[in-house]
Amino acid sequence: MTRPARQARPARPASAAERTPVSLTVRPSAAALAPLIGAMGCAEGRFAHTAELALPTGGVQLLVNLDGDALSSSPLRGPDRRTGGAAVHGPYTQPALIDPAQQRAVVWVAFRPAGARPFLTAPVSAVRDDLVGLDELWGTDGAVLRERLLEAMAAGGPRAGLRELEAALLARARGPLEPDPAVRLAAVLLDRGTPVAEVADRLGWTTRRLARRCTDQLGLPPKRYARLRRFQRLLGRVNAGPRPPDWAALAADCGYHDQAHLIHEFRALAGITPTAYAPRSPLERNHVPLDG
């Protein structure tokens, strides 16, 4: 049974020491995986807040909690998701509450658009709005990945752990180690705000074919993907621009009909108002600390 939507309450501003991970290792993936993976990393830290709002990006991540064998995600609308310590975080279309305690020591992979498809046995839409345990997706390989990373990091530190993760990904990949080039182009165009019909025309496809291919490779139909990417363009402008933001100007620049439309979309996709938006840091624009 679906429960009522939660009400998100932004936290009081935290100090930089409370927001910043104790250590952060981020690196590009190995050359063979670079077409599929945007970045991967390992973060260790402690946060003062007890709840956090994760905003939807339209992307897919692989997460491994090294501090405990559990991951969870609680969408503001819908049932809670709970898995073991290694999971795939599918493309969310709504905000979700997450536990900062599960981020004390975490390894993550951020897939490029359509980059997750070779590592799944089903369309990416199968993990949409979901957190799926890696043991469900990869069987024994997924069940033992967390222990493999812990052993590698104990012996050689974070970079050794990331190399072990790369080896696991290379072993699990099915098909070419590059995204479908047509869908990759579609994602680039949609990310820029190109209308869906124009994207289909550029590819020589019908809009129905575009929807099928995007749903399979991106996990989302093109209109929904474009909506999330417009929201991400907005957040990027907010974090890079002056304070307080000029919401009317941002609405025009980011493709919203007007400021009222921007506010409506912000509430729908973030669970809070634009003026309540206070991310963990400008570089962590999709993580908003909450009072709980």
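Each Cβ is built from the backbone N, Cα and C atoms, and glycine gets one as well.
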Ask   = Of the ranges 1-22, 221-242, 265-286, which one does TrEMBL list as region 'Disordered'?
value = 1-22
Key: Whole-number mean of pLDDT values that fall within the domain 'HTH araC/xylS-type' (180-280)   = 97
